[in-house]
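Here is the structure we will look at.
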């Protein structure tokens, strides 16, 4: 069997649709998806097998990164650091740009990326044929910079195979790096944490999801059930009250939504216990970010 394998960094501005694309390629719900921008905070490896036209069985290891952005909070600096590290570690990058975005995000990416890259134009199902052609034409002035240009829609599964074909074409022959059926090297507790965070984005408005995080205090993995004891951290007492809701209505909705998704991903029953605490300025404190896994003691992750 002819095989290829390689790391591919998925880069883009917040809300370009990176996580939606990954879930579509995996045909599974692993990456956090939200209509709110900048939901992804930590790099996640997702593994997609693909047989290309040349007969190679490719193992494409996507590095799902936080969106490229510049904010002063230490948390946001950590997120940008992870995106830059992924670009450095990958053999190939994909810059995902919404068909509705201007070219500034791509121009910024060009100043940061030293690796070969594919330019993928996302959300084409939300634009007219004329708008898509116009945007493709705008990007053509940078044709010497990218190795391929692929318009696609993750939501409608349009051109996903074309993207995978382009990626495989640019990977070198290699033995596979992970087991055959593995979709991610993430630990289940970390996937569960992201599912709880996704539920916060689903049910809470305004700034609260951005000023909150989740810590798994205790995780017991049994054959038929996973028991998860988690803590939702917010910055203000007023936010804590909103997360809990009157008579606990909000926390119940968040918990039920998260638990059902966990059971779908883990393929077993899940017991979920959620607590909420207020911790002022957690997103600006190095010690808090170390505890949440955003920073290693030697520096930014």
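Heads up, the Cβ atoms here are built off N, Cα and C, so glycines get one too.
As recorded in TrEMBL:
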- 4-173: domain 'Era-type G' (DOMAIN)
- 12-19: region 'G1' (REGION)
- 12-19, 64-68, 122-125: GTP binding site (BINDING)
- 38-42: region 'G2' (REGION)
- 64-67: region 'G3' (REGION)
- 122-125: region 'G4' (REGION)
- 204-280: domain 'KH type-2' (DOMAIN)
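Model confidence over the region 'G2' (38-42) stands at 57, taken as the mean pLDDT rounded to a whole number.
Secondary structure at residue 65 (GTP binding site), taken from DSSP and collapsed to helix, strand or coil, is coil. Across the range of the region 'G4' (122-125), the DSSP-based residue counts are 2 helix, 1 strand, 1 coil. In the three-state DSSP classification, residue 15 (GTP binding site) falls within coil.
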